[in-house]
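As annotated by Swiss-Prot, pyridoxal 5'-phosphate binding site applies to G150, T151, Q274, T332, with the evidence given as sequence analysis. The annotation N6-(pyridoxal phosphate)lysine is assigned in Swiss-Prot to K300.
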Amino acid sequence: MNRLPSSASALACSAHALNLIEKRTLDHEEMKALNREVIEYFKEHVNPGFLEYRKSVTAGGDYGAVEWQAGSLNTLVDTQGQEFIDCLGGFGIFNVGHRNPVVVSAVQNQLAKQPLHSQELLDPLRAMLAKTLAALTPGKLKYSFFCNSGTESVEAALKLAKAYQSPRGKFTFIATSGAFHGKSLGALSATAKSTFRKPFMQLLPGFRHVPFGNIEAMRTALNECKKTGDDVAAVILEPIQGEGGVILPPPGYLTAVRKLCDEFGALMILDEVQTGMGRTGKMFACEHENVQPDILCLAKALGGGVMPIGATIATEEVFSVLFDNPFLHTTTFGGNPLACAAALATINVLLEQNLPAQADQKGDMLLDGFRQLAREYPDLVQEARGKGMLMAIEFVDNEIGYNFASEMFRQRVLVAGTLNNAKTIRIEPPLTLTIEQCELVIKAARKALAAMRVSVEEA
């Protein structure tokens, strides 16, 4: 039977939600009721699949905990009042922590002035953020297009490369195996996970994938494309593959790819949606090799964990294809005043507090601890790897990784797997994580592994 629209029901539901938003605390009964509501509404109106996915972060084995608020810069609190050290970081958005006061203040101040721009008049913060990014990014990167997410940033990069290279007869893109660039149609064409690709085949034509980190495979692909007349418009890759399992390429790989792009006249697109904004110990991961891309993609942490914003930054030579008609690629909410305020404040915090250097130092501390655990538990842990505060623990099979996430949840530490590698648990905390919290995370991991070994032995 078709359900008739109900204004009364919609009004009641929205009023109830607004009442919850206004509340600072909930009593025990309110918390229980909220848990029931959230689980029901996810099942009936969002997607029941998310409930099964979130079983690993549930102490009782039912469904995922219901998040209520940020506890501190580096912790989350659920509706039961339990505080968790955040080692997931919202998949890399909380580089400056949760509700960083500088970022929140900037957004609140802008909200009091003008939340969204008129679309017709010039908006100051978009101009100032573009200028700031031109100063912050490496090489000749100069012009910025702003959007709302990482996949939009990649879409813009692909379209920009097409617009620049099409008059030159170059239409092919080379991406890498294990890559994740987003799930919109163009970005998904560059992504290399069959689970995400197969339901939407055929994707955009002209994309090839080569093994990540293998420079000879890259050279061979570029040569073959040239021989067959399928000249390459651009190579797109992540400096470190995040969703692929935090896969680091061999030293010098990015430098060698840059040289190949120059040799074959291909643009180099670096997707730093996850690795950028100080995550790996430098402001941008490409700076570890002093590599300068033609197009750089940012998002996630750019908004400081407060506002969604993405950016596609390109050299003047490449970006100039949009000068004659700036409406070739636009978005209504991209570069809005609230998002730009958040991004400007985020950059300020990263630089003022030297958070990239802190990520380098604390990342080394965490990684040393995880590698020691890998030596102590070789029957469970295959490898610990990473750079800065982007790390991964790879287990000997998928089930162990799932159990580790569950055990860490019991220890009040939030972690999760990577999208393209089920055996790998990602460690991606805020860069503001304290030394004491780093020590607590290592202790929690040791307790989790010890409990898992006992379970395996008893089985």
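Placed from the backbone N, Cα and C atoms, the Cβ positions cover glycine too.
Annotated features, which come from Swiss-Prot, shown on the structure.
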residue	record	CB count, 10 Å
G150	pyridoxal 5'-phosphate binding site	30
T151	pyridoxal 5'-phosphate binding site	23
Q274	pyridoxal 5'-phosphate binding site	30
K300	N6-(pyridoxal phosphate)lysine	28
T332	pyridoxal 5'-phosphate binding site	9
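Checking the binding-site residues (G150, Q274, T332) against the residue listed as 'N6-(pyridoxal phosphate)lysine' with a 10 Å Cα-Cα cut-off leaves G150, Q274. Spread of the pyridoxal 5'-phosphate binding residues is 24 Å (greatest Cα-Cα distance among G150, T151, Q274, T332).
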